[in-house]
Amino acid sequence: MELNKGLIMRSTGSWYEVRSESGKVFAGRLKGKFKLKGPKTSNPIAVGDHVMYAVEDAANETVVIEEILPRTNYIIRKSVHKTAQGQLMAANVDQAIFVMTLKSPKTSLGFLDRFLVTAEAFRIPVQIVFNKMDLLSEEEQDQVFEYAGLYQELGYGILFTSIPANQGVEEFKAIFQNKVSLLAGHSGVGKSSLMNLVAPGLQIKTKEISDFAQKGVHTTTYSTMWEMNPGTYLIDSPGINEMGVFEMEKAELAHYFPEMRALLGDCKFNNCLHLSEPACAVRKAVEEGDIATSRYLSYLSIFDNEDNRR
Ligand SMILES: Nc1nc2c(ncn2[C@@H]2O[C@H](COP(=O)(O)OP(=O)(O)OP(=O)(O)O)[C@@H](O)[C@H]2O)c(=O)[nH]1
Ligand SMILES: [Mg+2]
Ligand SMILES: [Zn+2]
């Protein structure tokens, strides 16, 4: 049987959209005895995966995915409440674009920090987009700028956007050019709306959030990769309501906070967990204001594996 190389453009869990090298799109399913490689996740392959497939039925345009090609990277999240199993969010991405809003819905710094720690652990650079800037009062905007200052200092790219005000559109286009980017964030922050703004032809479904009760309703159900132009891909993913950190040793956690990573050699004990040990350089930096209290609280919360949905 002849095998061809393809790219996973959409994943529904049972079916995958596979694009051939010549651009033809097929519906694909996994081979019966599909061999899983890598970590155990609820979904064996994800959007962005390169695969080898065989045409099963040319008339129906269906294919069988025979194997996954080696990945340059991937990102896995864990749902806090369910099993310890992770969910593969995407593979072979150059960066993640984390979309957040101060309100409607509110994205907490704790949630952002969980995403950032996960991305650090999988070595995926992150750009943070503060969307819906038009909804904010002047004081709220100042709050956003303060948060942005903190994360910029840590090395993350920052962008402010508003769809009705047409704010940040060119900057947004510039950060994803010639890259494969995963758009992630809570449901309702505007991921699909941003996609439609930069590629109006796509007409991706978005949802009006008129009241608090609708907040948990996902509009985007499946992750889909869209080609903006050759070499530029955006992955629109369903909103994340829980962001659990996947298979991480507690002793490694501080490595994924860039401002703590820099201090790790300075603690008195080389196995310091930065909780209540004497002469801890991380705690000292928190007390002196060199590490933001919110970041240290996120560290403790992830350390204790607390639920942090919001
Ligand atoms: N005021 C305002 N509303 C926005 C902005 N961006 C998006 N919205 C609105 O927010 C709502 C949700 O947007 P979506 O694009 O569906 O959100 P999403 O992040 O894709 O949500 P899921 O697919 O559920 O994960 C829609 O009603 C959008 O019109 C913005 O900058 N300002
Ligand atoms: Mg969406
Ligand atoms: Zn320490």
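FYI, residue positions are counted from 1 along the chain as it appears here.
Keep in mind that glycine also has a Cβ here, set from the backbone N, Cα and C atoms.
Look at TrEMBL and you will find Asn131, Lys132, Met133, Asp134, Gly185, His186, Ser187, Gly188, Val189, Gly190, Lys191, Ser192, Ser193 tagged as GTP binding site. Taken from TrEMBL, the feature Zn(2+) binding site covers Cys267, Cys272, His274, Cys280. Taken from TrEMBL, the feature domain 'CP-type G' applies to 81-243. The annotation domain 'EngC GTPase' is assigned in TrEMBL to 91-241.
Feature map: TrEMBL annotations on the structure.
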{"residue": "Asn131", "record": "GTP binding site", "DSSP class": "coil"}
{"residue": "Gly185", "record": "GTP binding site", "DSSP class": "coil"}
{"residue": "Lys191", "record": "GTP binding site", "DSSP class": "helix"}
{"residue": "Cys267", "record": "Zn(2+) binding site", "DSSP class": "coil"}
{"residue": "Cys272", "record": "Zn(2+) binding site", "DSSP class": "coil"}
The domain 'CP-type G' (81-243): mean pLDDT?
-> 91
Starting from the Cβ centroid of Cys267, Cys272, His274, Cys280, the recorded Zn(2+) site, name every other residue in that chain with its Cβ within 8 Å, sequence order please.
-> Ala254, Leu264, Lys268, Phe269, Leu273, Leu275, Glu277, Ala279, Ala281, Val282, Arg283
Under a threshold of 6 Å between Cβ and any atom of ligand 3, which of the binding-site residues Gly185, Ser187, His274 are retained?
-> His274
Work through the binding-site residues one by one (Cys267, Cys272, His274, Cys280) and name whichever has its CA nearest to the CA of Ser193 (GTP binding site).
-> His274
For ligand 2, pick out the binding-site residues Asn131, Met133, Gly185, Val189, Lys191 that have a CB under 6 angstroms away from one of its atoms.
-> Lys191
Say you check the Cα of His274 (Zn(2+) binding site) against those of the binding-site residues Met133, Gly185, Ser187, Val189; which is nearest?
-> Gly185
Taking a cut-off of under 6 Å between Cβ and any atom of ligand 1, tell me which of the binding-site residues Asn131, Ser187, Lys191, Cys272, His274 pass.
-> Asn131, Ser187, Lys191
